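What TrEMBL says about this protein:
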TRANSMEM  6-28  transmembrane segment
TRANSMEM  55-77  transmembrane segment
TRANSMEM  83-102  transmembrane segment
TRANSMEM  109-128  transmembrane segment
TRANSMEM  148-169  transmembrane segment
TRANSMEM  176-200  transmembrane segment
TRANSMEM  215-233  transmembrane segment
TRANSMEM  245-265  transmembrane segment
TRANSMEM  277-297  transmembrane segment
REGION    316-355  region 'Disordered'
Amino acid sequence: PVAMGAGFGAGLGLALASSAFIGGSFVLKKKGLLRLCGRGRARAGQGGHAYLREWLWWAGLLCMGVGEAANFAAYAFAPATLVTPLGALSVLVSAVLSSIFLNERLNVHGKIGCILSILGSTVMVIHAPQEEEVSSLESMAEKLKDPGFIVFAVCVLVSSLLLIFVAGPRYGQSNVLVYVLVCSAIGSLSVSCVKGLGIALKELFSGKPVLKEPLAWVLLVCLVICISIQINYLNKALDIFNTSVVTPIYYVLFTTAVMMCSAILFKEWQHMVLDNVIGSISGFLTIVSGIFLLHAFRDMPFTPNLLPLFLQPGRADPQPPWSSADRHQSCQHQPLLPSEDKGTQSTEEEEEEEE
């Protein structure tokens, strides 16, 4: 496992704090909306804006802002390969708090998914890759000029354009992957922009004339464009398909794209030993499994009828099967022929009598 420096620890702490704030924000907003509904106010889904007068809703919005700011700052300290997968913990926090404060049932699949997400996150933290040190915008500019990253960025842009203008009109309404792939591919570039802007802010606070650097403004413009595209096509996907389908697929594809982009741009996997590579991939796949269980089976009730008979309350046989009388009969009382043979034998005898 890698040695954790002060910067890595700060990035990890910010990423975990971000998940806690973002997960809590959903619960606060929902709680505020439910309070308004209880008072008979017009609901947000019906075009009402009474939630703007509800302090719980504003508390949720504030938590969301703090969480996003912490997530933004985490990219400046820790590898994107670590920060992005840990975003899954916000889903876990939201699910657990909803079951406590909103009385939303968290079924067995959801609880197993929460445990898997925690285990996967722990494994990823232990085996997290160390990226090449990028401490200034000059070094970031050198990274962006790398031929490998240029090829990756061109492939992302070309594939996104094909998905938007060719695949979108034909398959966008029937295949969930079309719009989610656009969000994920463009999202990998937006994370790179966030990383660069985080470095620029660190330099700005240290007193360097960052505002005069054209790269900082280019990164800001690219980030705004990328996020706008992401929001647009993610909303399209959510409008057409069920949230429980879109969310896990988007998480898997987005995180995979970010890990690929980060590995190419910051050479995070270049100096990793084999056990850390296997650990990072295993941790990521464990988080994916947990998120899938948490979302895909969220609305499925887990009733006792789904359990085996001997585990079902009140349905278990009071007498064990080996205590029944027929199991204790000796071989002398057993018929020599099976039942089907007896049946065939009786039919043959009837035919002989008829003849």
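Including glycine, each Cβ sits where the backbone N, Cα and C put it.
Model, not experiment: these values are computed from the prediction.
Most Cβ pairs under 8 A with the transmembrane segment (109-128) among the ranges 6-28, 148-169, 277-297 are made by 277-297. Counting Cβ pairs under 8 Å that are 6 or more residues apart, the transmembrane segment (277-297) and the transmembrane segment (215-233) reach fewer than 3 and are not in contact. Contact between the transmembrane segment (6-28) and the transmembrane segment (215-233) is not supported, since fewer than 3 Cβ pairs fall under 8 Å when only residues 6 or more apart in sequence are counted.
Note: the stretches the transmembrane segment (148-169) and the transmembrane segment (176-200) are in contact (3+ CB pairs below 8 A, sequence gap of 6 or more). Taking residue pairs at least 6 apart in sequence, the transmembrane segment (215-233) and the transmembrane segment (55-77) share fewer than three C-beta contacts under 8 angstroms. Between the transmembrane segment (215-233) and the stretches 83-102, 176-200, 245-265, the greatest number of Cβ pairs separated by less than 8 Å involves 176-200.
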